[in-house]
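Colleague: Pulled from Swiss-Prot, these are the listed features:
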| type | residues | note |
| --- | --- | --- |
| BINDING | 4, 5, 6, 152, 153, 154, 170, 171, 172, 173, 174, 175 | 2,4-dihydroxypteridine 1 binding site |
| BINDING | 54, 55, 56, 68, 69, 70, 71, 72, 73, 107, 108, 109, 143 | 2,4-dihydroxypteridine 2 binding site |
| MOD_RES | 95 | phosphoserine |
| REPEAT | 1-103 | repeat 'Lumazine-binding 1' |
| REPEAT | 104-205 | repeat 'Lumazine-binding 2' |
């Protein structure tokens, strides 16, 4: 579990498509450097969020660490575009002594979005985004949380009528100085994790409705039957 408060920015040292070393596991691995500040208490097997993707440390030293990448992660995120020199946001998994300053972030990226606009507003930057996979747009609400490249941000506007749907965030100067997004340009991809709360609420509503519909004497079925009967009576009495 993470908070979306980026601890430091690291740099991709290597993206190995087939790492047959013991720590590579005969799969894709990525090595990230300039990460010494978050490795002082690191252990093999620890979780680190890299641009919002929860990844497992398989090897590390004083300044860099290696992680394994699954096919599912490649499909969901923009990890395939990380090449030598790419800067990435880094955050360790939360511990008992960490203040919870952002929001509940799993590190399970849902999809990617493209930056479609960026403009200054005072000392802030307003970024606009469009999702690759539109089924996640229903979880994006004004003043709700969203995790973009591992950064906890607040949605300031949702525009469902624009082509493909768009949403916007405002990034203050302090955040600009400590995350990678200001380095990106229009058209670049970012990783998106929507707020888990919306998914949980949707799931509970669906389960409740399914349960109600499956029972003939349920409150919902009784209500629907009464409405239908009333409509039929009104129609016949015309």
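In case you wondered, yes, glycine gets a Cβ from its N, Cα and C as well.
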Colleague: Quick check: in three-state DSSP terms, what is residue 174 (2,4-dihydroxypteridine 1 binding site)?
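Modeller: For residue 174 (2,4-dihydroxypteridine 1 binding site) - judged by DSSP and reduced to three states - the answer is helix.
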Colleague: What's the most sparsely packed of the binding-site residues 153, 172, counting other C-beta atoms within 10 A?
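Modeller: Relative to the other binding-site residues in 153, 172, 172 has the fewest Cβ atoms within 10 Å.
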Colleague: Write out the long-range same-chain contacts of residue 108 (2,4-dihydroxypteridine 2 binding site), meaning residues 6 or more apart in sequence whose Cβ is under 8 Å from its Cβ.
Modeller: 54, 193
Colleague: If the 2,4-dihydroxypteridine 2 binders are 54, 55, 56, 68, 69, 70, 71, 72, 73, 107, 108, 109, 143 per the record, what's the largest distance between their Cα atoms, in Å?
Modeller: 35
Colleague: Taking Cα atoms as reference points, which of the recorded positions 69, 71, 73, 95, 143 is nearest to residue 170 (2,4-dihydroxypteridine 1 binding site)?
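Modeller: Ranked by Cα distance from residue 170 (2,4-dihydroxypteridine 1 binding site), first place goes to 143.
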Colleague: Tell me the Cα distance separating residue 4 (2,4-dihydroxypteridine 1 binding site) from residue 69 (2,4-dihydroxypteridine 2 binding site), rounded to the nearest angstrom.
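Modeller: Computed Cα spacing between residue 69 (2,4-dihydroxypteridine 2 binding site) and residue 4 (2,4-dihydroxypteridine 1 binding site) is 21 Å.
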Colleague: For the repeat 'Lumazine-binding 1' (1-103), what are the DSSP-based totals of helix, strand and coil residues?
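Modeller: The composition, in the requested order, is 12 helix, 43 strand, 48 coil.
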